[in-house]
Amino acid sequence: MLLENGWLVDARHVPSPHHDCRPEDEKPTLLVVHNISLPPGEFGGPWIDALFTGTIDPDAHPFFAEIAHLALSADCLIRRDGEVVQYVPFDKRAWHAGVSMYQGRERCNDFSIGIELEGTDTTPYTDAQYEKLVAVTQTLIGRYPAIADNITGHSDIAPERKTDPGPAFDWSRFHAMLTTSSDKEIT
């Protein structure tokens with residue numbers, strides 16, 4: 001995958017207003033894996049894009065009334081079919097982590113990139129999602145090498161608030177695919 005000005009060239013771009021600048025001289029050193037489905041447990045549809053762009057209709061579903069006021073975004077979403085949607089360029093600070101801490105450092109949004117997988121904690125993720133997550137991760141490691149040793153779940157940086165990506169996310173599979181992909185890049 002190619003990067004241009006912080007954007008994945010092959011992703012669908014849906015710019016979110018919910019971001020700002022990282023602190024001065026701060027580069028991404030952490031990748032946070034999340035999940036999202038809107039309405040909860042349902043896949044497809046325009047609702048994730050609408051949430052991350054601040055345009056979700058609070059009357060379209062009872063749950064949306066609870067979240068319509070939120071100003072949040074992820075850097076990217078990987079849909080069930082493997083489509084990659086990017087909301088925030090990687091050099092900017094997306095608002096995905098909330099109150100969080102990683103290895104003693106607070107405010108993970110300052111130094112992380114957030115990737116949402118369309119899914120739930122208990123619904124197995126698709127092959128296409130793992131493949132695209134590996135491809136995006138490899139691209140990010142190429143640009144921000146420190147990420148290679150710092151990939152975690154939202155539940156690990158905000159354990160009292162969050163459970164995603166949940167037990168359905170196969171970390172062993174992801175790491176094996178990432179290692180295999182890295183080996184192919186080298187040879």
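Keep in mind that glycine also has a Cβ here, set from the backbone N, Cα and C atoms.
As annotated by Swiss-Prot, domain 'N-acetylmuramoyl-L-alanine amidase' applies to 29-167, with the evidence given as sequence analysis. Residues or ranges marked as Zn(2+) binding site by Swiss-Prot: His34, His154, Asp164. Summarising the annotation, Swiss-Prot assigns active site, proton acceptor to Glu116 and lists similarity to another entry as the type of evidence. Positions annotated as site 'Transition state stabilizer' by Swiss-Prot, on the basis of similarity to another entry: Lys162.
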Checklist outcome for this item: Same-chain shell around Zn(2+) excluding His34, His154, Asp164, C-beta within 8 angstroms of the CB centroid, reads Val32, Val33, Asn35, Ile36, Gly114, Glu116, Gly153, Ser155, Lys162, Thr163, Pro165
Item to check | Separation of alpha carbons, Glu116 (active site, proton acceptor) and His154 (Zn(2+) binding site) (Å) | outcome: 10
Checklist outcome for this item: One should report the C-alpha separation between Asp164 (Zn(2+) binding site) and the residue listed as 'active site, proton acceptor', rounded to whole angstrom, as 10
Checklist entry - Which has the fewest other Cβ atoms within 10 Å: His34, His154, the binding-site residues listed? => result His34
Checklist entry - Would you say which of the recorded positions Glu116, Asp164 has the most Cβ atoms within 10 Å of its own Cβ? => result Glu116
Checklist entry - Residues with Cβ closer than 8 Å to the Cβ of Lys162 (site 'Transition state stabilizer'), same chain and 6+ apart in sequence? => result Gly98, His154, Ser155
Checklist entry - What are the helix, strand and coil residue counts for the domain 'N-acetylmuramoyl-L-alanine amidase' (29-167) according to DSSP? => result 39 helix, 30 strand, 70 coil
Next on the checklist: Restricting to the domain 'N-acetylmuramoyl-L-alanine amidase' (29-167), what is the model's mean pLDDT?
Outcome noted: 98
Item to check | Cα distance (Å, whole number) from His34 (Zn(2+) binding site) to the residue listed as 'active site, proton acceptor' | outcome: 5
